[in-house]
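Copied over from Swiss-Prot, here are the features:
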type: ACT_SITE; residues: Arg145; note: active site
type: ACT_SITE; residues: Lys175; note: active site
type: ACT_SITE; residues: His250; note: active site
type: ACT_SITE; residues: Arg253; note: active site
type: ACT_SITE; residues: His276; note: active site
type: ACT_SITE; residues: Tyr285; note: active site, O-(3'-phospho-DNA)-tyrosine intermediate
type: DOMAIN; residues: 1-83; note: domain 'Core-binding (CB)'
type: DOMAIN; residues: 104-298; note: domain 'Tyr recombinase'
Amino acid sequence: MEFISQFLEMLLAERALSKNSILSYKRDLLDFHNYLAKQKLSELNITTDNIRNWVEYLAENSLQARSINRKISTIKSYYEFLISENHTNLNPLLNIDLPKYQNKLPEILSIDDIKSLLEYCSQDISPEGARLNAMIHLLYASGLRVSELVSLKLSDILSNKVSREVKKIFSVLGKGNKERIIVINEPAINSLVKYLVVRDNFVNKTKPKNLIYLFPSSAAAGYMTRQNFAILLKSAALYAGLNPEHISPHVLRHSFASHLLEGGADLRVIQELLGHADISTTQIYTHLQTNHLKKALLHHPLSKN
């Protein structure tokens, strides 16, 4: 466990990873540590065969190939660290093949579905309704990651604290502490203005930590949790007549990108707005558009034979 703590400290100090990324590394490492303990194995004396058995164990427990790949990558990095610190001289994962998986196309909502969702939310005039309406408008207008959305600070979006004027353009720190520019539209601004009127309903003045956040709560972090927002979003989808199983904060982010591309936005611009380090990550949305075109062609008279 001591080596795991040292590795996590190194990640935090040298790679500038986000808190969520560090937690993901920690979970993978602790799961691996627990597996070794059950098998009565030492992390400094395991073999490639031991690792293959571990990978088989993960697959047998219905873990998806993508998740297994992430765990392998985490443990491989961990052993590279152990080697660099002279704790061992062998990386047992060097000859481990990554399981293959199909790169599933992201799920998106249609523009009509988005309109139905926003229409339902705009009808709820309670403070909770105003908050959810603002969060959904902001997420769909900006393509923010849900972790970025919930942790926004009041100062991030206000150009004037006294008049509470909302900025149209602001910046966020994304993955790897990389700053990027966010631009939002008038409907999102209007929803935020309405929400700010009732925001104090959610402020717990006995916990000063939550005062600085746009969406404050009594949660330990001081702002609404990702999980709570996802639950509220699915509930709103149900009342809006949508299937809650097909909606999540990430689906709204995907919908933002796909609808921009459909409207003629440049792929490089979408990459910047989403905060993707690699254009290949953004290119998946072009495959979505290709699928839509193929479906549209099915309505051609010569396609019906």
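Along the chain as shown, residues are numbered 1 onward.
Just so it is clear, glycine is given a Cβ too, placed from its N, Cα and C backbone atoms.
Small disclaimer: the values here were computed from a predicted structure and weren't measured.
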From Arg145, Lys175, His276, Tyr285, the active-site residues whose CA lies within 10 Å of that of His250 (active site): Arg145
Candidate nearest His276 (active site) in space, where candidates are the active-site residues Arg145, Lys175, Arg253, Tyr285 and distance is Cα-Cα: Lys175
Within the domain 'Core-binding (CB)' (1-83), residues counted as helix, strand or coil by DSSP: 65 helix, 0 strand, 18 coil
Other CB atoms within 10 A, centred on His276 (active site): 18
Active-site residues: Arg145, Lys175, Arg253 - member with fewest neighbouring CB atoms within 10 Å: Lys175
From active-site residues Lys175, Arg253, Tyr285, the one whose Cα lies nearest Arg145 (active site): Arg253
Alpha-carbon distance [Tyr285 (active site, O-(3'-phospho-DNA)-tyrosine intermediate); Lys175 (active site)] in Å: 20
Model confidence over the domain 'Core-binding (CB)' (1-83), averaged pLDDT: 87
